[in-house]
């Protein structure tokens, strides 16, 4: 029989090997993406065949005084934003992005349009939202190509269709059924657990994370001056990264909890903590892909640094024998039905 110590050594070796593979894959992906972004950025800064050229051009008859008084403006990002200029236009009219004309809208107008579509089901594209959910699990980088296309056509990176948010809420509703079964929740406890999952775990935490990353991206990672990162896009990145976590932690963990995870053995600790480790790494990776897809940002490899700390925490929990899944389910149960965990006061 293999002892717990031997299993612990094997688990640590396996974890280190997984971390090395993940870091290597991220490093190769980041380098390839940075090279592609540099090529796109250089191509977008090139002068067009017609119209005003962004660089200086002097005729043979231009006087030296005119050349000295000429003021050269560096090329911008090539993407337009409300109130900004593009590489292809020097006027205050609607900028042209590619072959289409950008529609200028304020942030309030975009939010109003999103809210209006939220109450009109026929205007939601649920088929495309399902496609995004599928590819977030198998090929998340493909999802962000659509965000770039939306920026070129609708002048915004963030989603203008609330179908993804609606389907994510429905996924939380159905996944709460698994937790209700695993924890033995009542109908009231199930409803409370669902409300906590949607409005606190998903939306409230997402608002905090999106706000922090929005400020960090615009303050430290932006490489152009005529374009900024939209807060709505940061929240969309959180929703994208949250969905795989939902599948791992709200579907697979409660299904395996009664038989494989709810046990004092090391294998149960390793299995329960591994799901949380994979979910956290997947969240960080999809977040990294989301901000790397923006051509206006640089040094986005910083978003991968939390994986090292997550791995060290994962090894520490295995060494200490702390089953994170058991602790999480106890916390979820006490949050959904707090009256069952309230201290009992015996009268004299």
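Heads up, the Cβ atoms here are built off N, Cα and C, so glycines get one too.
Positions annotated as transmembrane segment by TrEMBL: 6-28 (among others).
Per TrEMBL, transmembrane segment is recorded for 162-181 (among others).
Among the features that TrEMBL reports, transmembrane segment is placed at 193-216 (among others). A Cβ distance under 8 Å defines the sequence-distant neighbours of the transmembrane segment (193-216), meaning residues of its chain 6+ beyond its ends; these are 168-169, 172-173, 175-176, 179-180, 185, 229-231, 234-235, 237-239, 242, 250, 287, 291, 332, 335-336.
Listed by sequence, the residues of this chain that lie at least six past the ends of the transmembrane segment (237-257) yet keep a Cβ under 8 A from its Cβ atoms are 132-133, 136-137, 140, 143, 164-165, 168, 171-172, 175-176, 178-179, 181-183, 197, 202, 206, 209-210, 213, 271-272, 275-276, 278-280, 282-284, 286-287, 290-291, 325, 328-329. The transmembrane segment feature in TrEMBL is assigned to 237-257 (among others).
A Cβ distance under 8 Å defines the sequence-distant neighbours of the transmembrane segment (269-291), meaning residues of its chain 6+ beyond its ends; these are 7, 11, 15, 22, 26, 30, 136, 140-141, 144, 147, 213, 217, 221, 229, 233, 236-238, 240-242, 244-245, 248-249, 252-253, 256-257, 260-261, 297, 300-301, 303-304, 306-307, 310-311, 314, 317-318, 321-326, 328. Marked as transmembrane segment by TrEMBL: 269-291 (among others).
Look at TrEMBL and you will find 303-324 (among others) tagged as transmembrane segment.
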